[in-house]
Amino acid sequence: MARKVLIAGNWKMNLNHLEAIALVQKIAFSLPEKYYAKVDVTVLPPFTDIRSVQTLTDGDKLLLTYGAQDLSPNDSGAYTGDISGPMLAKLGCTYVTIGHSERREYHAESDELVNKKVRAALKHALSPILCVGEPLEVREAGGQIEHTTNQLVAGLKGLKAEQVKNVVVAYEPVWAIGTGRVATPADAEEVCAALRATLAEKYGSEIADDVRVLYGGSVKSGNIGDLVKCENIDGALVGGASLDADEFTKLCALAAGGPLP
Ligand SMILES: O=C[C@H](O)COP(=O)(O)O
């Protein structure tokens, strides 16, 4: 088992393309190359920023990668406002977030649609970051494992084991997103371990050992160290803290085991 830690900065609907360039430049300048041996760093800007981020990372041969926050289940056609897998692949994206709770809630995305999007991503060699997570009332009733493992199984429906290998799973309890209320490492590990056990059950332990399972929800430099120490947590999907270059750099360095740059 040699899973490399992944820190993914989900910018959500923040920063225009000029601000995106400034932030990526700052991160690249602040995080020395040696850290990338231990941690994969990726940023997930809004669609309108991706071309600028691509030009910068290609031009300066930066070691960080980038991706998108969503994609269409379709490759092309009359789907006003949507962005397709082939478009993201052409822009050099590595990852695409799928099924984030904000999309499930504000865009009524069902497990079925999430599954179609996961397939679309894999079809175009993009690694889906499949998000699962329970709302507060489910956590309070103790249903977090059932809820998240059901979302995982539905999101991966119909995929072959060798496809699942390229998926990243992100456990984001809805009650911990943007609230400052982070799950304890033990709470996060409990669910991440259950997600991995489900992967092992369905696709075999070799695949389950390879898949990275991230935690997301109020992750900061102050808590990343304890989270990545957990056996089944392989990094983080970071929202707010990924918009601040100093904080994000610190977080990436600590996820790599330190020391601070
Ligand atoms: O995708 C990221 C998550 O929604 C977490 O956001 P947050 O770090 O601002 O709580």
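A Cβ is built for glycine as well, from the same backbone N, Cα and C atoms used for every other residue.
Per TrEMBL, the feature active site, electrophile maps to His100. Residues or ranges marked as active site, proton acceptor by TrEMBL: Glu172. Annotation comment: TrEMBL describes Asn10, Trp11, Lys12, Gly178, Ser218, Gly239, Gly240 as substrate binding site.
Distribution of TrEMBL features across the structure.
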{"residue": "Asn10", "record": "substrate binding site", "CB count, 10 Å": "28"}
{"residue": "Trp11", "record": "substrate binding site", "CB count, 10 Å": "20"}
{"residue": "Lys12", "record": "substrate binding site", "CB count, 10 Å": "19"}
{"residue": "His100", "record": "active site, electrophile", "CB count, 10 Å": "28"}
{"residue": "Glu172", "record": "active site, proton acceptor", "CB count, 10 Å": "29"}
{"residue": "Gly178", "record": "substrate binding site", "CB count, 10 Å": "12"}
{"residue": "Ser218", "record": "substrate binding site", "CB count, 10 Å": "20"}
{"residue": "Gly239", "record": "substrate binding site", "CB count, 10 Å": "23"}
{"residue": "Gly240", "record": "substrate binding site", "CB count, 10 Å": "19"}
Secondary-structure category, per DSSP, in which Gly240 (substrate binding site) falls: helix
C-alpha spacing of His100 (active site, electrophile) relative to Lys12 (substrate binding site), in angstrom: 10
Binding-site residues near Glu172 (active site, proton acceptor) (Cα-Cα within 10 Å), from Asn10, Gly178, Gly239, Gly240: none
Among Trp11, Lys12, Gly240, the binding-site residues whose C-beta sits under 6 Å from ligand 1: Gly240
Spatial separation of His100 (active site, electrophile) from Trp11 (substrate binding site) - C-alpha basis, Å: 12
Env. residues of substrate site, Cβ within 8 Å of mean position of Asn10, Trp11, Lys12, Gly178, Ser218, Gly239, Gly240 Cβ: Ile177, Val238, Ala241, Ser242, Leu243
Spatial separation of the residue listed as 'active site, electrophile' from Asn10 (substrate binding site) - C-alpha basis, Å: 10
